[in-house]
Amino acid sequence: MMALARSVGLLALLVSVQGLTREQLFDYGIRVGDKILDSGTDSVRELELEQTLFFFKGKFDKVYVNTNGFISLAEPTGESEYLGKMPASFGMIAAFLGDLDTTDGAGYVYFRQDKSPDVLQRVAEHISQAFPSDDEIEPTHAIIVTWENVAPQGERGPGGEYRNTFQLVVANMKSASYAILLYPEENMQFGSTLIDDEDQPVEVGFNEGKVPGWFSWGSTQGTYYRITEDSEESINALAQETNSGRPGVWVYEIGTSPLFTSITPGEVTEVTEVTSVETVVESLVPEPSVPWIRHHEDLLTSEAPYEPLATSPEPFGESSTPDEPQHRYRYVQPQQPQNPQVLIIDEDELNVDVFSYNYETCSSNKHKCSVFADCRDYADGYCCHCKPGYYGNGKDCIAEGKPQRMNGKVSGRIYVGDSPSPVEFSNNDLHSYVVTNDGRAYIAISSIPSSIGPSLQPLPALGEAIGWAFALQQPDYRNGFSIIGGVFTRQAEVVFQPGNERLTIRQEFSGIDEHDHLLISTELDGRIPEVPQGATVQIEPYREIYQYSSSLITSSSRRDYTVNMPDGSVRTHSYLWTQSIKFQSCPHEEVLSAVPASQQLSVDQIFVMYDSGNQLIRFAMSNKIGSIHSGIPEQNPCFTGRHGCDTNAVCRPAQGKDFSCECASGFTGDGRVCYDVDECSESPQICGPFSVCSNQPGSFRCECVEGFTFAGDGRTCVETERPVDHCQRGTHDCDAPQRSRCSYTGDSSYICSCLPGFSGDGRACQDREKTACERHREAAQASSSSGGFFFRPRPAVGQYVPSCDAYGAYEPLQCHASAGQCWCVDSSGLEIPGSRAQPGSRPMCIDHSVAPPLIGPTPKADISPLTPGANLLFSQSGKIDHIPLDGNRMIKDEAKTVLHVPGKVVIAVAFDCVEQMIFWSDITQPSISRATLQGGETSLLISTDLGCPEGIAIDHMSRNMYWTDSILDRIEVSRLDGSQRRVLFDDDLINPRPIIADPAYGYLYWSDWNRDGPKIERSGLDGSDRTVLVQDGLGLPNALTFDPQSRRLCWADAGTRKVECIDPFSRLRRKLTEGIQYPFAIVSYGRNLYYTDWRRDAVVAMDRHDGMEVEEFLPQRRSRTYGIAITYPQCPAGVNYCSRDNGGCSHLCLPRPGGFTCRCPDARDGSCVEQDQNF
């Protein structure tokens, strides 16, 4: 701050206002789901909106994000037509309009749509602070665009490169839209750019673009509401002044419906927060003011139709043209306000009431530290420090010696050799495992087509950051994770020699998740030289020096590799490698003070392989971090990695070559052999009240039980709403227990139902009239003779008497005792054709009557009963939720978790309507399981010889289960209990995911989202007559469903973003809708299609007749939604050829159109007989 001369004895009270910081922007980056705009100087990306945006008098459903500091409401023209020539012909929200550049790899433009409650709450607070008189501020949708470290295109100013970071948030409500502009003072380093070789100030404002003229004759230029002037003071004010009560934050109402008058700025231009007080007690020499932007007297405007920035500017229709400037480039120096208020008072009169800065302390932020860390208070804040036995940055801590797993996704595109077409990556799985006590790292990336797989072999650099993060530490040196933890951004560039091909690698490390896995997101872009099919690659050991500073780590090296060609020849190549790693350390402590400024990463024992059979690229390498100087290598086994300690142990060095092995925290043993400690069993109360403990290797995880949620500390479970069992309390309103039953359904809900022999709604029950079955039975039982009242009615000899259930409905299985035959009937008692069994055997009949009453054992803690009627089931990581349906409407407020499976990632969900069982697949430890929703145990059905089971289909008539495996690339079938497994298809499959059974007609449908050849196929349920139904016009057909009523097969495509249906028999195809986001699974029920969407984290309902979206459900916990299924109150009527006595098969009975096939499981025994039956 600047000071003013004053004699000793007087005090100068210096008051200033702290500007916005980068940390106070809305969260951005890959870790929060942002997309990244292509690097360039005029890049554009279309963003289709999930909610309407109001701008001036218009309504818009898409925007275009541009490098040059703006978003537009129509596709923008080339930059030469609007830079320096505003107003533009198209609608524009200009946050910082200038000729900006992101081509150097240091600047990015991030953007996303967001409906999360915390973001919307923060948006509402900004708007309410700017418009304090407005009461109903309820945003429902936000667009967040962040320009990070963007540079001015053209010349660089003196002293290096200058960069700006700023943010635009557009908030949408039902009838209005707002723009929030955020400028962090310390990150605004320039205020002008070169346009046509002339230095011109940036512009901020709202441009309506061309609008129709009177009587629709032609078009005229609409309003250009400009916020900044062509002066340094105006641009300087962006980061220092406000209209929302907070420096650097500007809020405007930019559109309303149905009536719009003008752009309305925020009303709070005064800053009330005083954030620092300084007392000056000596005579000081005034310091010169360093302007934020150097003054240009010759930058004048021909007209200034607006007020200064702090007041409400008036819109104008024609642009003003600045005179020609005299300077080529202006450097903007970030600084404190130029004229802080200085109060000169005597010491005795110092009685000023001001606010002091409320520094954060551990008392209110301890929960932000890892559970394995301590929180320490400092003079100006707090920091987290890992406890002894753990390492990391305090926010993420890992037990010393414990292996570390990493999961992530790989996206982007790579050109191979001279190919004009790129290979696309879309969420390819990346898995890694590091043995931290010897520095050995293993990385695998799946779904790599053979067109690029061999050419990726020279690039273990894709996983080098993993090796560096957990490298074996030499004495006095530290690996990456021990310094900066697990949250950082890495950008690397590879330049291949001699062809000069370039590849850019961007990776976002997002910290440790609830499963103790480090999360990684990778984007690839560029071109690599081609390595022929069948060639192998050998990479020589290398060393690389890492340079460390307070928030940036850099390195570069040259790598040599050898390609062994299929013909036996050998070729040697190399590439140049540079990378930068950005992170945020604790600002209140010098994290790197004990770390050498330079460290050397040594990498050897490098193994690379492309597994064409499984389409996997694999890398392995040993990593050590140590001194940059050559010397005698450390010989202690703890530093060489050759110690023989268990993989879950830490090696403790002693004198010379002596050492000891010590099991990592969370494990027990002698160090040579370590066993996991089950903290949940040994310390049952470790998670505290109202929580469930889930053991994990080396640690544990706590989850709140139903009805409780974590408090603000993230650890204590507090009650959300205590459920009341009104049936047990007797506080229900059901009829008398002699006539009705009260059934508790979870939460505080219950249902009333009349007992057998009574009718009504359960709250009022009367003796009911006899049903058709009961009348039929009485008639058959009537005596054939005159029969007096002394004799009980009985049927005539040989008479058939129907069986009725407790509710008076026909039992689905009817038998004639005299004839010795049984058959199935429908709800009217009519015999189902083809269901009559031979004497001595019984068919399996599907229950067609009312749903069974909700009686039975009390459900386990992790299983909740379903609401009566139809329900939607959908899965998220670790649980399966249900949404009751009222007709076609989702009863959202009754949605709840029906099944908890902690530590699992549930993908596929299916339902067996006969036994009321739910089936699901888990991909963390690949398996298929089931549980009855009437209180039974969960059962693990299949856990061996699985890769990634992503789809499950149930044939409830034949009692068979089908599933797809996207790793092993096959389709299998078994009985519903997992027995008698048989591979149905294992060829011509790349990425099979959804699978659907049509048991009534004997068909099986599935889709394969192989990007090189997506398709939808059909076969008999026995695997016969396999055929491709759809192959053209597909992208990523993730989701598939079959509607038995309309006989239509429908799919949702995440590539084309369409929902389409086809008649599998006539092959007539119809598009229902397009423009959806990222569907994963879909199911049909009634007149609706319901699908899960990854981008929206939602369950979406659409009308399958007109394709209109009718409803959306957002789960309370926002995460990806996976599989979806429907639970029926009763099974659809019908039988197939395997319904009766398993078709007479000894093992698997597999239906097909017009017959069935008896098949043996792959693990055969001598009793199995295979045969075909046609009808």
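Even glycines carry a Cβ here, placed using N, Cα and C.
In the structure as shown, the Cβ atom of Cys815 (disulfide bond) sits within 10 Å of 17 other Cβ atoms. Residues or ranges marked as disulfide bond by TrEMBL: Cys815-Cys822.
Per TrEMBL, domain 'NIDO' is recorded for 95-257.
Across the domain 'Nidogen G2 beta-barrel' (402-635), the prediction's mean pLDDT works out to 88. As annotated by TrEMBL, domain 'Nidogen G2 beta-barrel' applies to 402-635.
Per TrEMBL, the feature domain 'EGF-like' maps to 634-675 (among others). Note on the domain 'EGF-like' (634-675): residues 372, 389-390, 399-403, 435, 437-440, 472, 474-475, 622, 624, 626, 697-699 of its chain, located 6 or more positions outside it, place their CB under 8 angstroms from a CB of the stretch.
Shown for the domain 'EGF-like' (676-718): DSSP residue counts in helix, strand and coil, namely 4 helix, 18 strand, 21 coil. Sequence annotations record features per position, and here TrEMBL assigns domain 'EGF-like' to 676-718 (among others).
According to TrEMBL, the domain 'EGF-like' annotation covers 723-766 (among others).
Residues or ranges marked as domain 'Thyroglobulin type-1' in TrEMBL: 770-845.
If you look up TrEMBL, you'll see 307-326 marked as region 'Disordered'.
Summarising the annotation, TrEMBL assigns repeat 'LDL-receptor class B' to 916-958 (among others).
TrEMBL lists 959-1001 (among others) with the feature repeat 'LDL-receptor class B'. Here the repeat 'LDL-receptor class B' (959-1001) is broken down by DSSP into helix, strand and coil counts: 0 helix, 23 strand, 20 coil.
Summarising the annotation, TrEMBL assigns repeat 'LDL-receptor class B' to 1002-1046 (among others).
The signal peptide annotation in TrEMBL covers 1-19.
The Cβ of Cys822 (disulfide bond) has 21 other Cβ atoms within 10 Å, all protein chains considered.
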